[in-house]
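Structure record follows, encoded as C-alpha cells.
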C-alpha cells in the first residue's frame, strides 16, 4: 500500500553541497565496512552484538530533527512506532546508494489539509523502534514526516546515520507544536472559495448606498483624502492582522484569545456586534425581495401617482419642456418638504406603511407581506449555514462557510460575489446614454476642500471604511481559520481591499449617473435628489429605473443584485456568531447529535424574532436606531482593543514569527508600525471625536426621544462592556497571587505551564514591549 510520502525528493540541507559530496564517499565506505562486519557477526549469532547494535541505533544525535533514520546492513529495519511506513532502501554500492535520494510517491491523500494536522499528515509521536530481519542486504530508513520540504542531512555522531529534517521558517523561533490546532477542522475547497468569500462579505450594500452619499455630502472628491488615509493606516492593517490570527491559530473569534486570555471579551464583543447587525441588515434584504416581487407586474407601482397609497403631495415630472423645467427651478427650496416623488411615497406609504405610526411609541403590527419576505430570507440563510463546509465522510462540529447549500459547498459564492459587478456594469453603460449623466458624475467628483476642516468628515470616513472592510466584526477571523496553514493571506488582504474600494468608487459612478439624469429630467437641483441609506436604494434608484425602456427588466436585475450583495454579508455575520460560540463551547456541542443544525436554528430564530419589529409601521424608526448604534462606536472599540491586545500583549515578535512560519517572510516595517502605533491612534481619535461631536438622532422630520437614545447607547455598551467584563472574570478565575494572575492572563495558554515552573514571564521584560 502506497503512502503520501512515498518518493519525496531528498537533498542536502544546511550544508554546502560540495562539502557534502567530498565527505559522502568516505562515509559510504564506512557504512559498507560496518555492513560487512555485521554480516560476520550475524553468522556467529552474537546476541550481544544485536543488543549493542540496537543501543547504538537508538542513540540521540546532536542535531535537532523531527525523526531519526536507523539502519542495519543486510537486515531490514521496520517502522513500528512511527506514523508512516515510508522507507529508503540503499544497496551496498555507491551508485545504488545515490539512487535512493529519489523515491516515487502516490498523490497526496484527500485528507491532507496542508496544516500538519494529525488527521491529514503523519505526526512524530516519539522515537521509532528498530527491528532486525533476514531481508537482503540493504539500508532501510523508516521516517515519519510533516508536510514540508524534506532534505537529507548527514549527522556527525558516533554512529553515522541519515536524518530527515524539515525546512521551516519557524525553526528555532516558533515550535510548531506550541499551539493547539483543531485537527478535525475542515478547510476551504480552494483558495478561490475563501477569497471570494471575504470579498463577498466586504463588498456589501454599504458600498452601493453609503459611500456615494458620503462622498457627495462631504466635499465630493475631497472626501477621498480622509477615506484613503483611514484605509491605508487604519482598516487595512487590522484586516491583515485578523487574517493572520485566524489562519495561524485556526480558532473562532472567541476561542482565538487563548493567545491572550485577558482580552477574550474582545471576541464576545465582536460576536455581539455581528449579531446586533443581523437584527436590521436582513430586513433590507426583505425589502429588496418585496421590490423584486413588485417588479413582476404589468406596471411598476412606483411610476405614477394614481395609486391608493398616493397623496396630493405626490408629484410627477417626466415630460417637462424647457419652460416648465425653468419654472420648476424656482420650486427647489420648497420642493424637498412640500412634494414627494412616486418612489418616495411607494417606499414610505406602500412598503413601510409609515402613515399608521407617529413614532416609537406607536409601532403597530408587522405587515404580513414583509413578514413572508423576511421568512424567506432567513430560510435561505439557514439552508446556507446549517450544514457547514464540505462533507468528507467525517462529522465535524466546528465547520463554517457562509454560503453552503448542502452539496454545493463553495459554488454559491461564484454567483453571489460576481453578479453585482455584472449588473452594475450593465446599468452604468445604460446610464451613460441618458441626458444629464455627466452632470451627475461631475457633482460626484467635484472636490470641495473646505469640507476637510469639519471633524464629521473624518469620522464618516473612518466609520465607512471599517464597516465596509469588515475589520472588528470577527468574520474574517472565522473565515481565515479554515485556510490551509501556508495560504498566502497577505495576497488575499491586498486583493480584497482593492476590490472593495473599487466597488465603492465604481458604484458611485453608477448611482450619480442616474442622479444626474433624474436632476435633468425633473429640473431640480441634484442636492434634493440624493438621500442617505435606504432612501438612496429604495427611492432614487427605483425612480430612475422606472424611466428607462424595459424598466421591468432593469428593476429585476437591480434588486436581484441587491440581494446577491446583501446575502454574503448577512451569512458572514451569522456565521461569526455560530462559529465563535461553537468553538468556544466545543466540549458542550461535541457531545450532542446535530449540534450544528440545532444551534444554527436557534440563532436564526432569535435574530428573526427581533427583526420582526422592523417590519411594523413604526419599524423604520427602530431600524434607524439599530443602524446607528449597533456597529458604530462598538465596532471601532472592538477593532481598537484587538490591535492593542495583539501588538502589545501578545507581542509583535510572536506575530512576526507566526507570519514567517506561514508565509516564509516577515511583515515589513509599515505593517508593524501601523499595528502598534498608527492604527490604534487613528481609532482612538475617531472614537473621541464621535463622542464629543455626537448629534441628536433624527429620521426625516422625526426627532427621537431621550429614552430612545438611552436604549441605543445601552445597545452599544452591552457589546463594549464585554471587554472589561471578560478581563475581570479572567483575573478572578486564574489561581495564584495578583502578579501571577496578571502574568498568566496576558500570556498565551501554551506558556502557562512554563511560567508556573520557571516563574519567568517574557511579557514582564522591556524588550517585549519595545519590539518593533
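A Cβ is built for glycine as well, from the same backbone N, Cα and C atoms used for every other residue.
Caution: TrEMBL annotation is automatic and unverified by curators.
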Worksheet, complete the sentence: As TrEMBL has it, transmembrane segment corresponds, among 302-325, 326-349, 494-517, to residues 494-517
Discussion item. Checking feature assignment: region 'Disordered' per TrEMBL, candidates 99-130, 131-162. Which range matches?
Written reply: 99-130
Response to the item:
Of 64-82, 368-386, 387-405, the range TrEMBL tags as transmembrane segment is 368-386
Worksheet, complete the sentence: Expected hit for transmembrane segment in TrEMBL across 29-52, 629-652 is 629-652
Response to the item:
TrEMBL record, transmembrane segment, of the ranges 653-672, 713-732, 733-752 the matching one is 713-732
Worksheet entry | the transmembrane segment (266-292) touching the transmembrane segment (598-623) per 3+ Cβ pairs under 8 Å rule | yes
Worksheet item: If we call contact 3 or more Cβ pairs under 8 Å (sequence gap 6 or more), are the transmembrane segment (465-482) and the transmembrane segment (673-693) touching?
Response: no
Practice prompt. Can you tell me which of 194-212, 224-245, 553-578, 673-693 gets the most C-beta pairs within less than 8 Å of the transmembrane segment (629-652)?
Written response: 673-693
Worksheet entry | Contact check, the transmembrane segment (673-693) vs the transmembrane segment (224-245), 3+ Cβ pairs under 8 Å, seq sep 6+ | yes
Worksheet item: So, do the transmembrane segment (713-732) and the transmembrane segment (194-212) meet, by the test of 3 or more Cβ pairs under 8 Å (sequence gap 6 or more)?
Response: no
Fill in: Within-chain partners of the transmembrane segment (368-386) [C-beta distance under 8 Å, separation at least 6 from its ends]
282-283, 285-287, 289-290, 293, 351, 402-406, 412, 567, 570-571, 574-575, 578, 596-597, 600-601, 604, 607-608, 611-612, 615
Item to complete: For the binding-site residues 468, 569, work out the Cβ neighbour count at 10 Å and name the residue with the minimum.
Response: 468
Worksheet, complete the sentence: Under 8 Å Cβ-Cβ from the transmembrane segment (266-292), and at least six residues away from its ends along the same chain, one finds 205, 252-257, 351, 369-370, 373-374, 376-378, 381, 472-475, 477, 534, 537-538, 542, 555-556, 559-560, 562-563, 566-567, 569-570, 572-574, 576-577, 580-581, 584, 603, 607-608, 610-611, 614-615, 619, 622-623, 626-627, 630-631, 634-635, 637-638, 641-642, 645, 715, 718-720, 722-723, 726
